[in-house]
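Okay, so here's the structure we're looking at.
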Amino acid sequence: MNNTTSDINDQRYEPREVEAYWQKEWANDDLYRTNTEVNKENTFYALSMFPYPSGSLHMGHVRNYVITDVLARYKRMKGLNVLHPMGWDSFGLPAENAAIERETSPSTWTDKNISQMKDQLDRLGLSIDWSKEVTTCKEDYYKWTQYIFNQLHKNNLAYQKKATVNWDPIDQTVLANEQVDAEGKSWRSGAKVEKKELNQWFLRITSFAEDLNKDLVTLNDWPDRVRVMQKNWIGKSIGAEITFDIKNSDQKITAFTTRIDTVYGVSYLVLASNHPLIDQLISSNDIDKLNDFRQTQEKLSDLERNSDTRQKLGMYLGVDAINPANNKEIPIWIGDYVIMEYGTGAVMGVPAHDSRDYQFAKSYDLPIQYVIKPNIGEDESYLNAEFVDKGVMINSDKFNGIESDIAKTKILEFGSNSNWAKPKITYKLRDWLISRQRYWGCPIPIINCKKCGQVRVPDDDLPVVLPIDIKLTGKGKSPLTTKTEWINTCCPKCGTDAKRETDTMDTFMCSSWYFLRYINPDNCEKPFLKSEIDKWLPVKQYVGGIEHAILHLLYSRFLTKALKRCGLINIDEPFKKLLTQGMVQAVTFKNPNTNKYFSKDQIKDIDNPKDPLTGENIEIIYEKMSKSKYNGVDPSVVIDKYGADTARMFILFKAPPEKDLEWDDSDVEGQYRFIQRLWKFVINTFKLTNNNSRSNIEKEKSKDEEALRLINIAIKEITDDLDNLQFNTAISELMKVVNGLSLIVNYCSNETLNKVISILVKITSPFSPHIAEELWKTIGNTQSIHLQSWPEFDAGAIEQDTFKLMIQINGKVRGSINASKNLSKENLEDLAIKTEAAIKWMDGKEPKRIIVVPNKLVNIVI
């Protein structure tokens, strides 16, 4: 490396010049290239969730990437071989829509954005190994996404079927259930989602439902919140499947329940509107009514239909079933809250013991039969509403008087012996729908042949490359359906004319395995090497937003398990530790009556804010940074003004990483002042060690010991904080040690000062790499600070020769005094009696006895 940029006499740190210089030096020296000659025990894979290349970083990005970078730098100094890569989640609708709007191609738009964002990332001083870079929209990446699809297809884990799907009318594409929010709107466009029946490709994630659920308990270093969200989404239910005969028919209806103890209270059945039996059972007189009902409910999303607050709609099918437990006839209804894809598409109506069923029964005047009562004697107040708790069986034939929990087992045994019930485990989890009717995605490598059916594109013929010269409109069918010369091809099996699949894959398919490709991104023969995956995976620390708890994180877990089943890898889980960082928030100015946002510049009086249009009161609150809310802060502006190290320090110090961070300009200024203070302290201390006249100044051994004590406390505290991801308290400790050392440096020996400032610069370097590098060279070192070892904690240095001796009179603390640890019991007694506190409270009395607790207290009993 070249020499420092600074003059030893400089009293002010100029971040812009220094940071640009060292970023260039690090790149020229390839400082952060990963050592590939490693063993598993000595590796640390630090990974941030890779970004969509929008063209500009936001503060949420900064927080994510800085957290990961601090860990990467720290682990390198701890002697581990660190992999810290970066890439681009670059397929998807935003690029396609941006290309349409700007009349360019998605690839051109994406390449430009990637170039801009790489520059922005480098300005943050991130220790990224750019030789590991991956871009999901490049052929050398999506070739292997297609290869993985082929492996899944070979193993019966990918299939096509006709399905009613969530259709985004704005983006003109299909959405997975996970991509529809609680209001039935698209997660990306915000459009009201519609229902549509199409041939779609699915991945068989349900084959791994039990493993995905069971293995959550092994993810001890994941946030509980994320594990609970995944557990609820997988939705394992242990219960029974009950078979109901249909009156005057050979047909039967099966329904799943977790409450077989309520079977005697089933007073009706409810079918999903697309249940296959409906069209066989419906009277011709009711077909028009049925069609009207179906059209109404098809406008609802699954989440809306399951909502507890929405009134449930239904219609009587005109046919009855038989309750097998008591042989009573019960009506069969169609209900908009029953979803065919969940369970069997039929549910038991038990209004006495289920809130949703109770609401439905009240709406349509259906019978309500209580079969469980509270275990509280004769109190019948429970009859006024649904009773959903445990209790005692009633109206249940031979099971009356039994506790409901015990009755579950007995009724299931009875039903099994009578052939109308059997044990059953179900999951809410549905297979992953990956078909997308858009251009900018990974083509599905399937060829449709009239003779051979669906045929995989041979692995040797991959990738199926997206056509470049294509007109994008954003409307109607997939743009690929217009490229007949691309669609028309030959069947790989029989050689006859055939057509390519025109759907592309969900972008989450590309982002569910990228962490594997980082290991060998230049490998042209395989997507990854199993032996290398064994060395680096699972990722030791993954950092990203909580919004990916279900989509990306669940899909990545599934694909990892699927690839293991296909024999491609050995690991079961992709990420050992997960940190979900909080949002970065800033002040917003909003009219609560109109929900209109205003910029700070539009508010004339911040102390008494008013809507500039209506004069109404403005609400000032912290919200997630957003352009639409006028509260975004451009990282580039902050770096230009204060430097990257200040931005890094602020983002780390302001809040614990898992908590939301409230942006405050004054706090940024505070970090900038600390950077300047750190600079001056190290420079001035270094000057002291080179001051010849200092040899005449009397040094104090106690000050040397104090300096070493302070720096070793800092080593221990900061090491512990980094191990526990508590970056804010680590930086607080940095500030504390600088303040403490500043008071005593003039009385310390040169040897101690040189040792202390070297350690200080080292423990600063993960947080503020630029100033640390500059200071390291300024104090006379040649090799980069980022190639140094993390300082070892010296426990002996923090042990002091003195301690605070507490003086008690009759068991009550009355004072204290510093005492030597080497004093005998008699010396401590003598010292305690002569203190001002003892003299005052003894008031001339002689002690009856004196109790000494070594290195702690003396209790004088009078």
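Heads up, the Cβ atoms here are built off N, Cα and C, so glycines get one too.
Annotated by Swiss-Prot as motif ''HIGH' region', the relevant range among 51-61, 249-259, 414-424, 777-787 is 51-61. Counting residues of the motif ''KMSKS' region' (624-628) by DSSP class, helix then strand then coil, yields 2 helix, 1 strand, 2 coil. Long-range Cβ contacts of the motif ''KMSKS' region' (624-628) within its own chain (Cβ-Cβ under 8 Å, at least 6 residues beyond either end) map to 58-60, 583-586, 597, 663. For LYS627 (ATP binding site), applying a Cβ distance below 8 Å and a minimum sequence separation of six or more within one chain yields no residues. Broken down by DSSP into helix, strand and coil, the motif ''HIGH' region' (51-61) contains 3 helix, 0 strand, 8 coil.
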